[in-house]
Structure formats: C-alpha cells, structure tokens
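S.K.: Structure in structure tokens, see below.
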C-alpha cells in the first residue's frame, strides 16, 4: 500500500530523512512558530487552519486593534483590504504552472492525473478509472461509465513548484469543458494512445489549444499495449496536426517488454523496476542496441534548439555541444514560443514515465509571468484597451470559467486570477453586468473536496462561494478599476429532446434543476414550447443529454419521461432579395405607420446574422432604426420553412419613410417582422442540417457491412486507413439525423468488435424531399 511507503527515520548525522514511496525527501526544519509541512507539501500562506473562528469560516475578516483606524467614508471591504496580511506567497509566481491534460477519449488522461497526484504526495493511494476509484472522476456517472464528464481541478507540488491541474473530458459531447479549461490555462499536456495515434478528438483539442495559443508538451501513453508504436505516433503528430515535434525521449522496448525511456537531454536511460508502484526508478547507461538511435534523435533535437540562440549555434557548429542547463533553457524557449512541441513517452497505467513528465512540466511549460499579459476593455468604452499584468500589486482581474453546484456550499464559481488578489469577505465587480458581488468563501478545490483559504493571489485557480449573478465567461474585477476580459465562445447545441416530469408534483423541481444545470453548462439549453406544451432540452449529443437526464434524477430527485431525439436544423437563404413593406394601422386615435425597404443577402457558412443600415438623408429617423433591428432579430429565431433558427444572413435597411405623428419604434418593429416574412420567402429559403464526421474502427471482415450501412444513412465515405491488429478505419461524413441509435446497429453488425467516434463537421443543405417532410410537419403542428 502507498500509505505503508512513508517512513521517517533519523540519519547518523542526526537529521531526519522522509522516505515517501521510495524517494527520499529531507524536510526543511522550521521554527516552532511555523506550521509543519506534511509529506513535502509546502504550506500555503492563505490556508485557513482547522481552528479558524466562525466569522472567518463564514467569510468575514477581523481587523486587529493595532491596525490604523478605519476611514469613516466607507465601511465595506475593498478587493485588497482584507488580503494584505495574507498576501505573502508560499511559492513565487515564476514557480506556478497552470496546466490542463487533454486528449481523445480513453487515451489515459485521468489515469495520468492519478499518478501525478500520487507521486507528488497529493494522494496516498492510486485511484483507477476502471475500478471507479479515480479521485478526479468524482461524479457517480463518471465512476459508472469510466469516462470523464466534467473538468476537475486540483493543486499539487513538484520540485518546489505549485502545479494547478485541470483534467478534461475526451468525449466529443463534452468538448466545451476542454474549451473553457484551455481559455484559463498557461500550458497543457496532450496525451496520445501509442496504439491509436492521433485520433479525431485529439485533432479537436489540438485546434482548441492553437486557438488560445497554449504551449503544450506531448506524452505518448500506453507504451505497454499490444501494437504500441511511439515513432508512428510521432509521424502522425506531424501529418495530422501539422506540428513540429521535438523528441526528448525514445522508448526502451514496447508492448510487454517496455522498461523505460532514454532521456535525450541527459543521454541516460531511465528504468523503472516495478517496485513501490513506480516510485522507484534509476538512471543507467543507454542500452547498446539503442545507442545509435539515441544519437540520431539527439542530433535532430540539437539542430532544432540551437537555432534559437546565435551564440549556442556558433559553438555547436564548432563542435561544442551545449550543457544540460542550456539545452533545457532552449527547449523551454522553443516550447513557450510555439517553435516546436516536446514529445515524451511512457505508460501511466504501468507507472512508468510520469516523473519525467512532471519534470518536463516544470522545465518547459510557462509560468503566468511568461505568457502575454491579459488584454481587456473598458466596460464604459470598448474601444479602450486595458492591460492586466500578472502581478499581485495590479488591480484584481479574474475570469469565471466554470459554475458548479455543491450540495454543501451551494453554487461555486471557478475563477482564474490574472492579476491582483482577493480575500474572503471582499467585494468584486462583475464587469459585464456592472453588479457588485460579495465573496462569501474562497475555496481551493481538489476534485470535489475543498479547503477554505483566506486569500487568492495572481495565478491561482480558485472557487468562490456566494456569487449570485456571475455566469461562465464573465469578468470579475476590482470595483475601482473595472475591466472586461475577452469572453469565451460556446458551441450551439445540435440535438434536442422533449422532456416532462412523471408526476405534476415534480414540475417545479425539474425547472429548478434545469436552471442550475444550464448555469453550469453553457452548451446545454432548455426552453418551453407552449404550442406543444412541453419542455425541450438541447445539447451536444445523445450522451450529453443522457447525462443531463441522469443528473436530474440523482441530484434533483426528478423522474422524467424523455422523447425521441430531434435534430437542431437551421434555416438560411440562397440568393439576394429586396422587399418593401409598409405597416399601416388606423383604428381611432393615434395610428401606426412604418415603411421600410430591406435587402436580405446570404453570407458564408458560420457567419451568423448581421444587420446593416444604409439609410441616407434621414429617410428613417435614427431613433426608429433600433425598432427595425429588434424586429428582425426576434424573427431570426423562427424561420419561414419549419420554424428553425435562421443563420448566415445579412439584413440591410435600404430605405423607408415615416409619419410625423403615427410612426413609432413599435411600428417599425412590426414592419421589420413583415419584411422578414416576405423577404425570406423571396430569397430562396433552404434548410441546413448538422453533418457529423464519423470515424469507424472495425475488423476487416465487417468492413463491407459498415460501408454499406453508412451509405444507407446518406453517408459520404472520405477515406480508409489501417490500424494494428487487422483493423480498418473508415472516415466519413454523415447527417446527424441518420446517426441516432447507431451504436446498437454497429454492435449488432460487428458482434461488438467495432467502435466509432463522432463530432460536428459542418452544416449543409438538407435534400429537398426531407426539407418538404420537415416543412409539412411544422404546418401540421401549426394547424
């Protein structure tokens, strides 16, 4: 057991030696006035002790009698007032690492995180995903299914560095969790299955990391599996991701004879004995059969890194190789600037390769001071740019990136602190809404467990309790120095189902549950369809909505009936159309009059909706134009064909006229609605449907059946590929409407031996016969 591996003994010199999991640590002797460290974890200046007073627990703060007298102007906390005494750092900001672990589903993210927590002393036993005991997979649904559903945060320490880790899901239905984690992280570990190589969701998370400019290192995992091939995976990183890999390790053996790795920086072999759960390893000479290969990859590494320093380059050309410290400095520089991506390898499940991975996080990924400062805007004037540097003395600025409901604490708001500091009991400004919020408690999270802290400093990832109006993507700032940071983009749902409680008594409980779940997950929407008298929930896939319904049952005690899944279609136009519409009403008293000419233009896919005013000479007074805008925007949620949202359309207000007495904002709003109905019908309306990229991995003997089935689902086969073990890979595009219950069909067709992944590729035009069916259904409902 891991707990048995802790031994404290006295050496001959009289000093204490702490042996944790096979590695010796010499604790720092502190004066008695300091709190002792536990298992090498440094104390945090902001941590509250168990003996905290009740007022401290509730989030208030006491100011000693010896302090200067309070100003009588305001007796409310500022962002900094209560934080000053607690603002001393236990770990310098340059030694912080805020990282995420991202990959395709089943690449080993959570398993790797569990090993990291064990070897750093954060956990004292290893949790396993397949046993449902992984610390980071704390939800019941995660433990039952063996997958990560929600991103989980924790903090640990390695080599005097503080590492804040977010473990993210790999399933495409939960890609939002990856998106918002990457938005607030400084670096990432991208895992790859050494057998499967680069998989579809690997490409998705890689693009997300590119979007936010996140430096990353690659870890080729599962080197112990049958068919493991480090070098093929390295080649796929080049061809599939367009990355420039920098190989820092090569494996010693593979599959069941995988023993360790060759460290190309030190030019030593690192070998794990298998004792003490992988905590024990040794540095040895490189095996003879790998010496030539190691020299070859070492030379390739040197050629890449010496380009970053002219002096080192000159010395290298003269035959002088850089020392280890210089190599690490240059690898770090190239990683942070995105010149290349370091690649390491190992087997997290077999406890091999994790400690060098932790060293690489410390050595090569950036601290908060090494990433560009955060740019924001003035809430009063978005044209003014405000820069927030990563410094405790800067005004506080943080981004809320996740909301979580806690049964004991209530709503928790996860915040990345980009500058300044905050304390429990202080006030912050929600800069997006202009509302002040009071922080009840500050909590440092470890999966779903929590620890009260008194202050959060720059670089921290912290949970705030007590916020009522803040949602994901909003900025919290110092009330005296407001700033709005860039918001996050959230994907639109692609699937929906009708849901209703089994008993009328649960109607209110279901509404409460849906509201809380929608606050947590911006990719989940719900609405009430009054015509059909039913509630509709929308999400990113069948699994996503299945989890939502399951959470309603477990967390909110609501038993629900769920209808068949429905696709979220879109409507658009295919040509330019211009319409003149006059709204005129006279029924005694003041009448209504508005006359407008609107041109509707199709836009490129993904452009959304745009409004443009081309009014000249006051044909439509400026005060009435917002009425036209509002009228058109309201109509964009309900198209003319089947009532689906309208996308990729520009509406231009070209001309119009008004009446001095009878015209009003409302009249122009009603005219805009009429112009929309007429204009859309003239502009060649068409329906769009979500097209999914579907990758099927199947034994070769079932390949024909799989292809035939995909073709019958209106699928388009893009390419074929091979995988070890006689497996074939089919890459295709299939409409989402044809993919419901596909997993059951695939299992039956291949005797359970095939698997598939699916992710949104694009929206495309619906065939006319299907469009006619959808339109007729809408007309039947309307009738």
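The backbone N, Cα and C atoms fix where each Cβ goes, and this holds for glycine too.
Okay, these came from Swiss-Prot:
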BINDING   103-110, 167-171, 221-224  GTP binding site
DOMAIN    94-369  domain 'tr-type G'
TRANSIT   1-80  transit peptide
S.K.: Would you mind giving the whole-number mean pLDDT across the domain 'tr-type G' (94-369)?
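M.R.: Mean pLDDT for the domain 'tr-type G' (94-369): 86.
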S.K.: Which number gives the other C-beta atoms within 10 angstroms of the C-beta of residue 106 (GTP binding site), all protein chains shown included?
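M.R.: The Cβ of residue 106 (GTP binding site) has 18 Cβ neighbours within 10 Å.
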S.K.: Let's check the environment of residue 223 (GTP binding site): how many other CB atoms sit within 10 Å of its CB?
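M.R.: So the Cβ neighbour count for residue 223 (GTP binding site) comes to 28.
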S.K.: Taking the Cβ of residue 103 (GTP binding site) as centre, how many other Cβ atoms lie within 10 Å?
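M.R.: For residue 103 (GTP binding site), the 10 Å Cβ neighbour count is 28.
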S.K.: Would you count the other CB atoms within 10 A of the CB of residue 168 (GTP binding site), including those on all shown protein chains?
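M.R.: Around residue 168 (GTP binding site), other Cβ atoms within 10 Å: 28.
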S.K.: Would you mind checking how many other C-beta atoms are within 10 angstroms of the C-beta on residue 109 (GTP binding site)?
M.R.: 27
